[in-house]
Amino acid sequence: MKSNRSNSNIHIFLIFVAICFLATGGIFVKLSSLPPINTGFYRVLFSIPMLLPFIKKEDVQLSKKHILTIVLAGAFLAGDLALWNISFSYTSVANANLLANLTPFTVIPFSYFFFKEKMTKRFFLGSIITFLGVIILMGNKLTLTSDRLLGDILSLSTSVFYAMFMLTVYKLRDNIKSNVIMFISAFGSLLVLGIVIIFTEGFYFPHNFSELWPLLALALISQILGQGLLAYCLGKVNASLSSLITLSQPVVAAVYAWIIFQERLNTQSIIAILITLVGVYLAKTQTKQ
């Protein structure tokens, strides 16, 4: 199965849908009573039995190289989840949200030099406009101080790990189904997260439904519907454009805050959201194969 990447409107729309699912992650992490890395561990663990009915025996009959590469993708995602959760203890939520979503700064150069993706000046203009839109949206909340430097570095490192996850999945999607990638990669994620937990938080276990349901929601909504749908789309859309669209995740988070927490969207926020969408549109219209 050789994946055909046409950058079609439907698959770009599906990436936005995936981002909407992914952006719920922060809500469920806040609702979880377990420590943050344990929460990430159970998010991945509970996704395995949910995915199992959709995995056929022949789907996992892959070469050792493919299996190890998928496990590596899971390890990258685990690094993203662990650093992302730790960073909140050392920096502001706004800083963490922005820095952790700077995946295009890793993915775009990598895609250009190694995957030979062609990008026009208009694509780069769209990228800059998208980034400016996100900066304007979060500008009032960002704080750059020396005491938050460690957290900012961890958040930025998160974006690199997530970029490597996206790039690895992008390459795997040339030949492998997204549900198989998500299923096998979960074991790589669990291995890394389990080791991190041993040396940091120690293992915690959900004891009742109030502790369990946010973890199940993370597994279904963030891991399977969010990451899984994005993994599917990485076989249909260029890596550079996919990563640029994921930069708009803070926009979705702002809309959620408005709907769920009644946080007011002022004129600046609305303009910033429109600027971000215009940037993505410009980049999309000028992305070449």
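The chain as shown is numbered from 1 upward.
Glycine is no exception: its Cβ is also placed from the backbone N, Cα and C atoms.
Positions annotated as domain 'EamA' by TrEMBL: 11-138, 150-283. Among the features that TrEMBL reports, transmembrane segment is placed at 12-31, 37-55, 67-86, 98-115, 122-143, 149-168, 180-200, 212-234, 241-261, 267-283.
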For the transmembrane segment (267-283), distant same-chain residues with Cβ under 8 A (at least six beyond the ends): 122-123, 125-134, 136-137, 139-140, 241, 244-245, 247-248, 251, 254-255
In contact by Cβ distance (the transmembrane segment (241-261), the transmembrane segment (67-86); 3 or more pairs under 8 Å): no
Highest-contact recorded stretch vs the transmembrane segment (241-261), from 12-31, 98-115, 149-168, 180-200, 212-234, CB pairs under 8 Å: 12-31
Per-region confidence, the domain 'EamA' (150-283) (mean pLDDT, whole number): 90
Distant-in-sequence neighbours of the transmembrane segment (98-115), which means Cβ under 8 A and at least six residues beyond its ends: 80, 84, 87, 127, 131, 134-135, 138, 142, 152, 155-156, 158-160, 162-164, 166-167, 170-171, 238-240, 242-244, 246-247, 249-250
Touch test for the transmembrane segment (12-31) and the transmembrane segment (212-234), at least 3 Cβ pairs under 8 Å: yes
Spatial neighbours of the transmembrane segment (37-55) far in sequence, C-beta under 8 Å, 6+ residues away: 29, 74, 77-78, 81-82, 85-86, 179-180, 182-183, 186-187, 189-190, 193-194, 196-197, 200-201, 203-204, 206, 214-216, 218-220, 222-224, 228
DSSP residue counts for the domain 'EamA' (11-138), split into helix, strand and coil: 102 helix, 1 strand, 25 coil
Within the domain 'EamA' (150-283), residues counted as helix, strand or coil by DSSP: 107 helix, 0 strand, 27 coil
